[in-house]
Amino acid sequence: MQSIFGTDGIRGRFNEEITYSLAYKVGYALGSNLENNNPILIGRDTRISGDILLHAITKGINASGKKFINLGICPTPAIPFLIKQEQLSSGIMISASHNPPEYNGIKIFDHNGQKITKNFENKIQKFIEESNQNISVTTKEISLKANKELMDIYMKSLIQSMGGENLSGMKIILDTCYGSATTCAKKIFQSLGADVRVLNNSKNGLKINVNCGSTNLEPLKKALRQSPADMGFSFDGDSDRVIGLDSKGNVLDGDHILFLWGRELMEQKILTNNLLISTQMANLGFEEAWNKIGGLLYRTDVGDKYVHDAIKEKRAVLGGEQSGHILSKINNFSGDGILTALQISKYCKKKNITLNNWLKTSFEPFPQKLTNINLNFNINKVNQKTRILINQTTENFQKIYSDNCRIYIRPSGTEPLMRVLVEAKSHKKVDSLSSEIANKLILEINKIMN
């Protein structure tokens, strides 16, 4: 049996890679392998399939003899926060993050609120394989009433992260993209005194991430043009990432957030070794500007778990990804889009500066283009020999095209895509190289597959 775990838990199209049966088995395997008898916390985003998978997982947990608490629809970061806060044994988030509505996923957290280790993933996998014939889906009905009190505790923690600061006098637009942020983002910002307008704020599992949210900023840009505000924030489906816009529609991505937030911590002398952690996707303009003010940038592979591991290893206090996953010491390094948006808003209010003017003090990004090459297969599911050949091909391309530019090629961890990042000092060079590399790379991959 091929590994059910990818780069960020289990993810795939519902009723294809992610099924009721698999979800039941994961719940059963997790419950059976936990020594701690405290309840397992479960949450989900708004996807239609989320309710079906919730039923399956909870029945599996129940069959294993363990108890669970249903948090209902919630941001992913609520799960790790509450696991630690309430001393629970583990947690599961049912979500496919920024992926389209037809996808779903299962993220598992340990008793410390950290994503489970590779070793524990292997343990779950082995248990499912060995118990495959013995697991039967029970018909016993169990209560799935959502625990609103725990959700209130999470929301209060975000308000408390402001350290007594408020957002009165600030006009802010939020795009909650029909996802998890619909449960609490508006309420939190309003409770802090902000004048809030919210887009796509209904729980709609058919529209989650569709032409909205952190991967499509057009609705937020349009709203800022039609109804001026100080800033806007766009979340993804499970609210663990955020992208901002200033009053003029300029983009505040994860690189800008790290630079501005990191510089504040540096000035307060609480940024360990002036070090930030980011990934291979981080813009070279960001790195050069950060180095110029005395900072260090350590790059990891793409994925917040790699950033998290490097933060722990290097004893850093801040890290993240260009995509808007920001991990800070405030909440034990769990990516939280709402927390990040609050911190950026707080600094603007405290410094008495507009986001537009603050953003101008950061850096000028190098032209950068990310091209998605559609494959008719998921590279993570091909045999090892084929995967090695494809990896060797991408490494060769990165070496061949490394003069006067930066190339980074990687497969998507969740979709049948190869992502090609090209970065150079001119848009013309970026465009021509992106097209050339994408065309040649797909030919080479097709040769390997045929």
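Glycine too: its Cβ is placed from the backbone N, Cα and C atoms.
Non-local contacts of SER97 (active site, phosphoserine intermediate) by the CB criterion (under 8 A, 6+ apart in sequence, same chain) comprise ASP8, THR76, GLY105, ASP236, GLY237, ASP238, ASP240, ARG241. Residues annotated as active site, phosphoserine intermediate in Swiss-Prot: SER97.
Here Swiss-Prot flags SER97, ASP236, ASP238, ASP240 as Mg(2+) binding site.
SER97 (active site, phosphoserine intermediate) carries neither a helix nor a strand DSSP state and counts as coil. For SER97, the entry in Swiss-Prot reads phosphoserine, with the evidence type sequence analysis.
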Additional residues around Mg(2+), ordered along the sequence, whose Cβ is within 8 Å of the centroid of SER97, ASP236, ASP238, ASP240: ASP45, PRO75, THR76, SER95, HIS98, GLY179, SER180, PHE235, GLY237, SER239, ARG241, GLY335, GLY337
Other CB atoms, at most 10 A from the CB of ASP238 (Mg(2+) binding site): 35
Count of other CB atoms lying within 10 Å of the CB belonging to ASP240 (Mg(2+) binding site): 32
Count of other CB atoms lying within 10 Å of the CB belonging to ASP236 (Mg(2+) binding site): 33
ASP238 (Mg(2+) binding site) in three-state DSSP notation: coil
